[in-house]
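Undergrad: Have a look at the structure that comes next, please.
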Protein chains: 2
Amino acid sequence: MRFEVTILGSSSATPIYNRNPTSQALNINDHLYLIDCGEGTQQQMLRFDIKASRISHIFISHLHGDHYLGLVGLLSSLHLNGRTKPLYLYGPAPLMEIIEIQLKYSETTLQFPITFKATDASIKEVLLDNQDIIVETIPLQHRIATTGFLFRQKKRSRKLIKERIDQLAIPVPYFSALKKGADYTAPDGTIHKNDTLTLDPDEPRSYAYCSDTLYGESYFDQITDATVLYHEATFLHAMIDRANDTHHTTALQAGEAALKTNAKKLLIGHFSARYKNLIELLDEARSIFPNTELAIEGKTFVIE
Amino acid sequence: MRFEVTILGSSSATPIYNRNPTSQALNINDHLYLIDCGEGTQQQMLRFDIKASRISHIFISHLHGDHYLGLVGLLSSLHLNGRTKPLYLYGPAPLMEIIEIQLKYSETTLQFPITFKATDASIKEVLLDNQDIIVETIPLQHRIATTGFLFRQKKRSRKLIKERIDQLAIPVPYFSALKKGADYTAPDGTIHKNDTLTLDPDEPRSYAYCSDTLYGESYFDQITDATVLYHEATFLHAMIDRANDTHHTTALQAGEAALKTNAKKLLIGHFSARYKNLIELLDEARSIFPNTELAIEGKTFVIE
């Protein structure tokens, strides 16, 4: 099952040429989920060939502009391009008020329905549970109500051992039961135990998105063992005071978060515009957690 | 006196790669005036080296997203970059409500004051009258309340004829009066008529910005004799029905507007995303009004 994230924006609030504010497109089993939608996200989707029309769910972490100011433009464009299928939107409760006032004054009635679910940054809760994934909020500690999002694959089916299936000429209608762990009784009455016919499924993979937060242990339990952890790393650790004042994280702390929660891979992003070159941020995170990458515009990371 | 416009965006509502929605930066005597502020305008200013901090006045024509969705991000960035000097903002009355709700939920108190003046699309009125220019609204005919903006230079002073001034050794303190049309009485009592000492001033130049409108004569009187007329030209004339339905103008009509109002030069913009190549739009406008240019991203036009 496809499970990958494409980075559309890597910058924090003040703009810098050639970086965009935060947005990421998750492709899970060929369904598109958008996480945050900073100004210019539409252009970034055009640039990196992400089809906006295919987005089914949008998750907004909080109401600082660098995380949502591209949303009304995106909704308008979907409308103008003829979308009629529903869109599922998740974010802080006032988000709908912000959208509605702008639609009202532009005299726009969207041609597609938005199903909105307000997030509550004080608790973790499941937002979505479909055939592929479960998405839950990660309560974070920022200056305003903010949640991250944890995308966990559903537990997978057991994997058929093709040569055994062929050897026993097991008919196709039995496959579904075998994948769920059933034994197989052959026409001659012989019982073949499931573990001789199938292998354990792949571990469910997960993507933990931790955007805009003071470094702290409060969310570590929830993100433990993430296949890929995205963690903001706005500053170098030399600016820890500024990070604390503004409720942000340093690259060193992002590395520590990955190490302490046993992530397999760390992506860092949300870089302050003061860093023209990002290599120092990467080196700092890698000094703690070597398997770190920069989550920069246009990069696609497979969650594996 | 410097009087030039740099185009930051040329597209209409649906996005297209490498074009941005409408925004233009006017430099008048080294003061910066921003007209409209579509999504991504901040990035365009970085790209074309327009210093956002130097903007003193922002004019928003109407509340369709492609004309203002970059504004809240711009205001936030000015705030984060430490602006304290006042900003003058002009646009439809609900614009302040839209800004304030977003500042409220991001818990942002701008460090600089905004002086807002609501425009009224039913009348033409002077918005600004300073040492360099007079700015007035141009009531347009769009689906929602929309105004263009007419920037007219103040009447200039008469120009001293340097060789005559030197010949008569006229002292500097007299210059101001001469520029206003006074005669000069020499120490020997001879009266030198002003028209022997000065030349007529340059014609005041003007920039008429007509954004998003049904083609119509109602605003022609007001924009007559513009030095440069910017007129939207969303469609080719083959799509006149669509232009009428959506209250937009065709390239042919934009050429006619320039011809009928005796513009010196025409700029066309606000192109539909369906036109990957703009040359047909340019050719169509030029078939009526040859001195037409495409108002595309990064181009600077001197108003002369």
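Just so you know, glycine gets a Cβ as well, placed from its N, Cα and C.
Sharing the feature lines straight out of TrEMBL:
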type	residues	note
ACT_SITE	B:D66	active site, proton acceptor
BINDING	B:H62, B:H64, B:H142, B:D212	Zn(2+) 1 binding site
BINDING	B:D66, B:H67, B:D212, B:H270	Zn(2+) 2 binding site
Undergrad: Among the binding-site residues B:H67, B:H142, B:D212, B:H270, say which ones reach under 8 Å of chain A by Cβ distance, listed as they appear in sequence.
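TA: From B:H67, B:H142, B:D212, B:H270, none lies near chain A.
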Undergrad: Using an 8 Å cut-off from the Cβ centroid of B:D66, B:H67, B:D212, B:H270, can you name the remaining same-chain residues around the Zn(2+) 2 site, in sequence order?
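TA: Apart from the listed residues, the neighbours are B:S12, B:A13, B:P21, B:T22, B:D36, B:G38, B:S61, B:H62, B:H64, B:S211, B:E232.
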Undergrad: Determine, to the nearest whole angstrom, how far the Cα atom of B:D212 (Zn(2+) 1 binding site) is from the Cα atom of B:H270 (Zn(2+) 2 binding site).
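TA: B:D212 (Zn(2+) 1 binding site) to B:H270 (Zn(2+) 2 binding site), Cα-Cα distance: 8 Å.
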Undergrad: Just to be sure I understand the packing, how many Cβ atoms besides its own are within 10 Å of the Cβ of B:H67 (Zn(2+) 2 binding site)?
TA: 28
Undergrad: Around the Zn(2+) 1 site recorded as B:H62, B:H64, B:H142, B:D212, what other same-chain residues have a C-beta within 8 angstroms of the site's C-beta center?
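TA: For the Zn(2+) 1 site the neighbour list reads B:S61, B:L63, B:H67, B:L140, B:R143, B:I144, B:T146, B:S211, B:T213, B:H247.
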Undergrad: In whole Å, note down how far the CA of B:H270 (Zn(2+) 2 binding site) lies from the CA of B:H64 (Zn(2+) 1 binding site).
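TA: Rounded to the nearest whole number, the Cα-Cα distance is 13 Å.
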Undergrad: Based on Cβ atoms within 10 Å, give me the single least packed residue among the binding-site residues B:H64, B:H142.
TA: B:H142
Undergrad: Neighbour count, 10 Å Cβ-Cβ cut-off, for B:H62 (Zn(2+) 1 binding site): what number do you get?
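TA: Result for B:H62 (Zn(2+) 1 binding site): 26 other Cβ atoms within 10 Å.
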Undergrad: Three-state secondary structure of B:H64 (Zn(2+) 1 binding site) from DSSP?
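TA: DSSP assigns B:H64 (Zn(2+) 1 binding site) to coil.
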Undergrad: Helix, strand or coil at B:H270 (Zn(2+) 2 binding site), per DSSP?
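TA: SS state of B:H270 (Zn(2+) 2 binding site) = coil.
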Undergrad: For B:H142 (Zn(2+) 1 binding site) and B:D66 (active site, proton acceptor), determine the Cα separation and express it in whole Å.
TA: 14
Undergrad: So if I draw a 10 Å sphere around the Cβ of B:D212 (Zn(2+) 1 binding site), how many other Cβ atoms end up inside it?
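TA: Other Cβ atoms found within 10 Å: 28.
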Undergrad: Between the Cα atoms of B:H62 (Zn(2+) 1 binding site) and B:H270 (Zn(2+) 2 binding site), find the distance and write it as a whole number of Å.
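TA: Roughly 14 Å, rounded to the nearest whole number.
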Undergrad: Do you know offhand how many angstrom separate B:H270 (Zn(2+) 2 binding site) and B:D66 (active site, proton acceptor) by C-alpha?
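TA: That separation, Cα to Cα, works out to 10 Å.
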